[in-house]
Amino acid sequence: EAPANAVAANDPTAVALKYNADATKSDRLAAARPGLPPAEQHCANCQFHLDDVAGATEEWHGCSLFPGKLINVDGWCASWTLKAG
């Protein structure tokens, strides 16, 4: 179950970035983001992903694009960029 401060599907930023808490339900192929094949792109391997934020759980972490909110580590958005390292 999503925490209270999870990014909502109707959040304006989420809509603009085509965020989906389940990457398999997003159109990763159409976005053509470089770095990894679309099927391997998800929030946990994105440079904007933040591990250490208030309220984070194993499944829900922070994202610098959604301050104060949590994203699903298995999610995806159109700003996905491969994490360095």
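Glycine is treated like the rest: Cβ placed from N, Cα and C.
Database features (Swiss-Prot):
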type: BINDING; residues: CYS43, CYS46, CYS63, CYS77; note: [4Fe-4S] cluster binding site
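On the structure: features taken from Swiss-Prot.
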| residue | record | Cβ within 10 Å |
| --- | --- | --- |
| CYS43 | [4Fe-4S] cluster binding site | 25 |
| CYS46 | [4Fe-4S] cluster binding site | 25 |
| CYS63 | [4Fe-4S] cluster binding site | 24 |
| CYS77 | [4Fe-4S] cluster binding site | 26 |
Query raised in the report: Looking only at DSSP and grouping its letters into three states, which state does CYS63 ([4Fe-4S] cluster binding site) belong to?
Result: strand
Report task. Please state whether DSSP places CYS43 ([4Fe-4S] cluster binding site) in a helix, a strand or coil. Result -> helix
Query - Cβ within 8 Å of the mean position of the Cβ atoms of CYS43, CYS46, CYS63, CYS77: remaining residues of the chain near [4Fe-4S] cluster - result: TYR19, HIS42, PHE48, HIS49, LEU65, ILE71, GLY75, TRP76, SER79, TRP80
Requested in this report: Could you find out if DSSP has CYS77 ([4Fe-4S] cluster binding site) as helix, strand or coil?
Outcome: coil
